[in-house]
Amino acid sequence: MSIRATNLLVPVISVILGLLVGAIVMLVSGYDPIVGYTALWNGIFGDLYTIGETIRQITPYILAGLAVAFAFRSGLFNIGVEGQLIVGWFAAAYVGVAVELPKIIHLPLAILAAAAAGALWGFVPGLLKAKFHVHEVIVTIMMNYIALHTTNALIKTVSDGGDRTESIFLSASLRSEFFQNLTDFSRLHYGILIALAMVAVMWFILEKTTLGFELKAVGFNHNASEYAGMNVNKNVILAMVISGAFAGLAGSMEALGTFEYVSSKGGFTGIGFDGIAVALLGMNTPLGVIFGATLFGSLKYGALNMPNAAGIPLEIVEIVIAVIIFFVASGYIIRLFLLRAAKKKEAK
Amino acid sequence: MSFLEVLYFIVPSAIFYAAPLILTAIGGVFSERSGVVNIGLEGLMVIGAFVGILFNLLFADQFGNATPWLALIAAMAAALLLSLVHAVASISFRADQVVSGVAINLLAIALSLYLVKKIFDKGQTDFITERFPRYDVPFLSDIPVLGPMLFSKMYNTSILALVVAIVAWFVIYKTPFGLRLRSVGEHPMAADTMGINVARMRYIAVMISGALAGIGGAIYAQTISGDFGHATINGQGFMALAAMIFGKWHPLGAMGAALFFGLAQSLSIVGPSIPYIKDIPSVFLLILPYVLTILALAGFIGRANAPKANGVPYIKGQR
């Protein structure tokens, strides 16, 4: 079996194992897995409305996945997507509320604000990594909490002590009448087009520019890159900034598309952490991220139907996702298994 | 309120908030000293909190006063089992340890909420009836000034946390076991050459971290929150991780950092009723532990160096 085929098989097997474990958990706790997964399926593809909502859910997952994948390709682990997403969400909503401008200026401005906020939040760990060799994992985790508490405080200030901002002006909204009519008035918005465009942008940066070449080189071996005359520090910072910008954009999807406001949060949205799963499953390639985001976005949205239709707590899907991450991360053992199976076949 | 009264008010509440952090951070020290990054501390605390509360609710009638202590043991066992998943992934399956830790966090919160909904048919558990008692430490609480500040109305669990920290320091720095533990985290190949079973040491270390984080979570749930829901632990595990780094991977350092973070946490909650402090917006107190950790890592507050082989799977025969 070729290496390429095994690489593709690892995510597929992981997903199957994840769903299998989910079925076993349901069975053991006294639910019918078939009823459960049927409810999940209907929650994803049941009718036009649910399909629209599913695609809406996939949108931020694509961007969060891109953020994690982009950093991974440069040899960095960005666990801070969650925090970058939160500050992006706030920045976009703030611009959406604070001023009223013609749509052609207002909407891009709000989106850019989100990207800039996310980029700033990515810049800090990037800078610390480059200048002080501080591991980015810990800094980004800490930045997540700083983002959470800071935006909550800012929301309080902006809304005069309230828990959420006003709804944004229509001129900053991504709302799409076309998509709404198409999908039986779901909240599907133009953001999906932005997300898909960003997939192309990431592919272009990585495959067609000198910057992308350098970023990947630094990811493979930063000593060799330095020896070849590349500025490793600059590339590390840039990788985190671009990754943060993707994450910030994911936040703007929630701010300008789905919710059209920002409210203070007791905990994380989870989209950033699921972005890690999306990127891993997509093997950190732009196209793979679309598949990963589609799978996890669908599972997440479809799960909402499970309590009503089958009486099963929706957390079962979170369990499935966690198990999938676990198996993708343990790819070594799956590869070993596949290798042995292939050898046995040859021996026969 | 006089300054002394403020201290009488703040210091006990800081220790109270610090206890779960101390235990979990010490757990982190064990795991990372052996070379296994444990981002999963948060998830291990979640499982500990859930099992602790569940045990307390189910068995309060049978065991009475002893329930909270037995609940700690149950929580310890449950978190130890979950930490084995992390150990298998990161030691035997050579998984990326950070990713495996993220999976542990997701799995723990999902699994406990799933079971909460299954058992209680709602989003959070009932409140527990059997709590840890507070009491005055004999003799010590009679010391002027220090007595009322440190030793009166104290939780046993806080004492447990301090004792564990000291025992951990002794084990890691004064016993052969501790020397082996540190050596597999610094240079596993050298340790292997000297006949130390690297995988076994790491398994033990991760299991210790699971056990301690489980106890930490159960203490948090049984002293501070009193029930279990999706936001019960909410970042305590990551704060313990921060305390471990701020304490430079040293048990006593981690304890000191945890005490300080406990102070910051309690100030952000009781602050509004204290003069001077109430003028500081609570957001600064909330983000203080995280900002300090970043500064410590950047070398502004003494250099914090991780164990050398931290996060690297050991593969025999690989240079």
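Keep in mind that glycine also has a Cβ here, set from the backbone N, Cα and C atoms.
Summarising the annotation, TrEMBL assigns transmembrane segment to A:7-28 (among others).
Beyond the ends of the transmembrane segment (A:85-102), by six or more residues, the same chain brings 60, 64, 109-111, 113-118, 120-121, 144, 147-148, 150-151, 154-155, 158, 165-169, 171-173, 247-252, 254-256, 260-262, 265, 268-269, 271-272 to within a C-beta distance below 8 angstroms of the stretch. The transmembrane segment annotation in TrEMBL covers A:85-102 (among others).
Under the heading transmembrane segment, TrEMBL lists A:109-128 (among others). Here the transmembrane segment (A:109-128) has long-range neighbours at 67, 76, 78, 80, 83-85, 87-92, 94-96, 101, 134, 136, 139-140, 143, 147, 168, 172, 194, 236-252, 255-256, meaning same-chain residues at least 6 beyond its ends whose C-beta is under 8 angstroms from one of its own.
A Cβ distance under 8 Å defines the sequence-distant neighbours of the transmembrane segment (A:134-155), meaning residues of its chain 6+ beyond its ends; these are 71, 76-80, 82-84, 86-87, 89-90, 94, 121, 124-126, 128, 162-165, 240, 262-265, 267-268, 272. Under the heading transmembrane segment, TrEMBL lists A:134-155 (among others).
Long-range contacts of the transmembrane segment (A:188-206) within the same chain: residues 52-53, 55-56, 58-60, 62-63, 66, 69-70, 73, 111, 173-176, 179-180, 182, 212, 215-216, 242, 246, 249, 252-253, 256-258, 286-287, 289-290, each at least 6 residues beyond the stretch ends and with a Cβ under 8 Å from a Cβ of the stretch. Per TrEMBL, the feature transmembrane segment maps to A:188-206 (among others).
The transmembrane segment feature in TrEMBL is assigned to A:236-259 (among others).
Residues annotated as transmembrane segment in TrEMBL: A:271-296 (among others).
Under the heading transmembrane segment, TrEMBL lists A:316-338 (among others).
Beyond the transmembrane segment (A:316-338), the same-chain residues lying 6 or more positions past its ends with a Cβ under 8 Å from any Cβ of the stretch are 1, 6, 9-11, 13-15, 17-19, 21-22, 25-26, 36, 40, 274, 276-277, 280-281, 296, 299-300, 302-303, 306.
Panel annotation: around the transmembrane segment (A:7-28), residues 1, 36-37, 280-283, 292, 295, 312, 316-317, 319-321, 323-324, 327-328, 331, 334-335, 338 of the same chain, lying at least six beyond its termini, place a Cβ under 8 Å from a Cβ of the stretch.
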